[in-house]
Structures are given as C-alpha cells and as structure tokens.
C-alpha cells in the first residue's frame, strides 16, 4: 500500500482542478443561513423563559448565533455564500443586523483589507496597530480588557472603521459609496431604535445582552488571531504594489477547530490563510484544498498562549520583535 501523499509546500494554482470545482451553491448557502436563523430563534426563545437556567443557555446559544451571523456576513461580502449574487446581498444585510456591522461599509473595508493585506499601515483593519508609544491609560485598558475577555477590540473594530462615516468618506470619496454608507448606517440605527422602543430596553437587554457580550468577546479572539503578532510590511507612505492573493499566506494566521465548529459555526472563517489565497472559494470548502498553510495553529492551544501575553505585546509587536512563537 502506497504511503499517503504529503500536501504540497506551496498552494495549488487557482486553475488547479482541486480548486476550480469549489464554487458556491445556493443549497449550501441556504443550509448555513437556516442554521443561523435557527440558532437565533432558539437563543431568543430560551432567553424568554422565566427559568434562569433556560435564560443562560439561551444567551450561550445566541452568542453562537452571533458568531455564525458574522461568518455569514463575511461569506456574503465575498459572494461565496450563495451562487446567486442577489441572495448574497439579502443574506449580507440580514447578517449585518445581528453582527452590528453595516453591510455596505463592511464590503468596502473588507475589499480594501484583501487588497492591502501584508502592509500594516495601508490595510484599514490593521493600521491602528502599527507600533507606536502607548500612554499609561491605554496600556492598562488594553491589557485588562484582553486578559479579562472584555470585548474592547470588537467594539473599537466596529466604531473606528465600519460606523465611522468621516473615515469612510476619506477612504472612499465616490458619491455612490458615500450614499450607500449613509443609507445603510441610518437604516440599521433606525432598526435598532425601533427594537429599543417597541421591545423595551430592559427586555432587549435580557434577550440579547449577555449573548452579544459573549459573541463580541469570542470574535475578539478570532479576529485578532488572523493578522496580529505576525511580521507585516510597512509602506511608510510610499507608493507600493499590493501583495497578490497567492502570496498573502505569510501575513495571515489560521486556527484549526474541530470540523463541526469550523463548518457549522465559523463557516470556514478559521481557515484564514486558505481564504486569503483563495478568496473566491466558499469558507466551508476551503479545507478541501490539498494544502496545509504554514501559519495554521491548534485553536485552543493558541488561544491560551495568546491570552497569556499582555495585549501591549500581542497587539503592537510581532514574532520577530517579541521573540514569542505564538
């Protein structure tokens, strides 16, 4: 019996037969959307119960649904959730409600992120972490939040990029893009205001408060795992050429969860190196590609190691400057 083949050291070509067949399917997108809707309904239903045990389980389920919706927002933004383009738009706007991320700004910022991955000061999602002196208050705040699982970074991630209209206008001066940002932002704010008025602040807090907190805290770890504490390039304001997608793996990290969590909760969002090299492949199918990324780490071991490092080191240094192998 012949020994199993080792995965290639380099990723296969986008034209390789092992890749070209991995395309979105409407049925698969519908399944993942159904999972998200079911988790949300179950979470809110349990959270409506008088029993505190049922309420707590409901909040845990809602937190899982938050993570699922975020991963679907990501897939829809790449048009890899459904084969039908319009279904991606509908699902993306639906996912944006639970994810607390306007879909229009998410798509624009995320597209720029993929363009400038590898250049820390040009990527709008990593530019705030360019090494710089930290004040005593800022250092204490980020260290405490990171160690205590307080989702400060998920909040700042949204506030500084996706809800920050002046910054969005600066990055995307086109009138059509600006209109989309404003309309989408106002629509979401109106929806949240309506929920606040008609459901009531106390009831709303009971139904989704803890679940949102836990979901934000979990996404802190997932999001920061992907491009943080990895040596990145700096353009220093120079006119540089973007790094092509097939060459972006060294600037990205993947976490390996169980197949069930990876597929049905994270929708393949944890396979981040594969995603950057093959952004047109649906997340749940990324691990079908015969290539083991160089920066992939066992999820739970990496999370424990990263949480043991002060945020000021984890966020503003990298493996080359800290000497840490996380």
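Cβ from N, Cα, C; glycine included.
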**Prompt:** TrEMBL tags one of 29-51, 52-74, 121-143 as transmembrane segment - which one?
**Reply:** 52-74
**Prompt:** To which of the residue ranges 9-27, 161-179, 180-198 does TrEMBL assign the term transmembrane segment?
**Reply:** 180-198
